[in-house]
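*Asks:* Let me give you the structure first, and then I'll get to my questions.
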Amino acid sequence: MLVLRVWILCGKTRRMSYILFPMLLAEFVSMYSKACAFCVRTSKITLRLVIVLLPTTYLTEFIHLGATLPGCYFITPVMRGPYFAFYAFPPLLVTFTVFMLTIYKCIKALRSDISADMPIITLILRDGIIWFIVVFGVDGTQMLVWATGRATLTQVLIIPSLVLYSLVASRVLLNTRSLSKSKECDEDQESESLLPRSPSKRD
């Protein structure tokens with residue numbers, strides 16, 4: 001969603017599409033290849049051909065985290081080493097690149113005094129800052145936990161991170177829809193004001 005916003009903010013040029021969309025594809029491929037590498041290093045895998053090759057691991061080791069976090073959590077040997085921390089690096093790199101492009105284009109537009117697009121630019125800048133803070137806060141903490149923490153802490157932040165990502169993404173989508181609706185209302189009011197008024201009875 002934010003990548004599409006940046007692409008629109010950059011004027012939907014081909015040069016930016018050749019940069020942004022391959023970057024998203026590279027992020028997906030790198031994370032998927034790392035997940036496959038984890039499976040190959042840790043356990044046997046069964047490859048099923050559906051649309052892509054999906055690894056299915058045989059998880060046989062489960063742990064209890066204690067009284068504060070009830071339930072069982074699976075663990076593999078690769079989660080005990082710092083190598084698993086590199087799994088969060090591609091999202092951090094993509095988020096940082098998109099955030100820097102957002103800051104650059106928004107500041108450039110604000111300096112140009114484009115008053116007509118001010119609400120859109122302000123919304124894109126605000127949502128970009130919030131998304132950057134959330135992703136770097138969550139993924140950065142996860143990298144530290146995976147690299148230096150105990151094996152029992154590897155899954156503590158996975159569910160909270162998914163919740164935060166879903167909340168922020170939903171908020172970004174709702175903000176975009178509310179802005180588009182407000183612009184449509186403003187255009188309707190302007191068109192109504194331009195219509196000729198019928199003469200009153202007093203006239």
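One is the number of the first residue shown, and numbering goes on along the chain from there.
Glycine is no exception: its Cβ is also placed from the backbone N, Cα and C atoms.
In case it helps, TrEMBL gives these features for our protein:
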REGION    180-203  region 'Disordered'
TRANSMEM  16-33  transmembrane segment
TRANSMEM  45-64  transmembrane segment
TRANSMEM  84-107  transmembrane segment
TRANSMEM  128-147  transmembrane segment
TRANSMEM  153-174  transmembrane segment
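Mind mapping these onto the model and telling me what they sit next to?
*Replies:* Long-range contacts of the transmembrane segment (128-147) within its own chain (CB-CB distance under 8 A, at least 6 residues past either end) are made by residues 2, 5, 79, 82, 84-85, 87-89, 91-92, 95-96, 98-99, 102-103, 106, 153-154, 156-158, 160-161, 164-165, 168, 171-172.
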*Asks:* So which residues does the transmembrane segment (84-107) touch in its own chain, when a touch means Cβ under 8 Å and the partner is 6 or more beyond its ends?
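*Replies:* That would be 2-3, 5-6, 9-10, 20, 23-24, 26-27, 30-31, 34-35, 38, 78, 121, 124-125, 128-129, 131-132, 135-136, 139-140, 142-144, 146-147, 154.
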